[in-house]
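Reviewing the structure listed below.
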Amino acid sequence: MAMSKIATLAGLLASAGLVAGHGYVTKMTIDGEEYGGWLADSYYYMDSPPDNYGWSTTVTDNGFVSPDAFGTDDITCHRGATPGALSAPVTAGSKIDITWNTWPESHKDNQGPIINYLAKCNGDCSSADKTSLEFVKIQAEAIVDASTNTWVTDELIENSFTTSVTIPASIAPGNYVLRHEIIALHSAGQQNGAQAYPQCLNLVVSGSGTDNPSGTPGTQLYSANDEGIVFDIYSNPTSYPMPGPELYSG
């Protein structure tokens with residue numbers, strides 16, 4: 001094959017890698033009970049998709065939100081998101097396992113932080129207005145072991161595309177949206193290259209906590225130029241500047 005054709009093919013493959021999507025959340029598991037998420041590549045095409053706990057989206061391509069859309073509602077719960085009809089019960093202090101349909105197993109294509117937020121619905125989450133939700137960062141993980149270049153997303157893959165988040169024991173009871181997100185960094189070394197995959201699920205939190213921390217609107221969580229949004233993952237980093245508001249320490 002002529003060198004010009006090889007170069008053209010390589011360029012096309014690289015471009016495909018930049019736009020290809022990664023995945024979505026299929027379910028959460030709480031105390032052994034499974035609660036279904038929005039199956040984006042099938043429910044979207046149904047006239048009457050089943051009620052579920054995940055917010056519906058118009059994302060049929062395992063797609064992402066790019067940094068140039070971080071100031072829009074797309075970043076809140078993904079593109080075209082509307083509230084799920086159901087809410088899963090969880091006790092503050094408990095762990096939630098979250099399972100994705102897939103995530104790229106090519107080492108660099110999968111790496112990035114996993115960040116979790118809570119936003120109080122101030123009513124039933126099935127009628128929540130995403131523009132009024134204010135998110136509190138409750139868990140954020142990135143590099144697990146710099147010596148082996150292991151990220152939390154590597155562990156996600158090793159654990160059958162499942163990760164976990166613990167609801168803080170100090171959080172007051174109520175109806176909440178859990179915003180669970182992976183930010184893929186394989187193209188983040190260039191402007192507008194990071195890929196955000198926000199997923200929202202409804203919870204009813206019980207317990208004896210009393211904290212009602214103030215949060216941040218989805219459209220103000222990140223900016224396109226933040227450290228951690230523009231980031232060279234190929235430089236063998238030993239640390240990662242977590243984007244977004246400060247972590248809740250309650």
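Cβ coordinates are placed from backbone N, Cα and C, and glycine is handled just like the others.
As written in Swiss-Prot, here are the features:
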type	residues	note
BINDING	H22, H107, Y197	Cu(2+) binding site
BINDING	D51, H186, Q195	O2 binding site
DISULFID	C77-C200	disulfide bond
DISULFID	C121-C125	disulfide bond
SIGNAL	1-21	signal peptide
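Each residue contributes its Cα atom, and for C77 (disulfide bond) and Y197 (Cu(2+) binding site) those atoms are 9 Å apart.
Just so you know, the Cβ of C125 (disulfide bond) picks up 27 other Cβ atoms within 10 Å once every protein chain is counted.
Under DSSP, H22 (Cu(2+) binding site) is assigned to coil, being neither helix nor strand in the three-state scheme. Nearest to Q195 (O2 binding site) in space, judged by Cα atoms and limited to the recorded positions H22, C121, C125, is H22.
Binding residues for O2 (D51, H186, Q195) extend across at most 35 Å, taking the greatest CA-CA distance. C125 (disulfide bond) has D51 as its nearest neighbour among the binding-site residues H22, D51, H186, Y197, going by CA to CA distance. Across the structure, H22 (Cu(2+) binding site) and C121 (disulfide bond) are spaced 28 Å apart at their Cα atoms.
When the Cα atoms are compared, D51 (O2 binding site) and Y197 (Cu(2+) binding site) turn out to be 22 Å apart.
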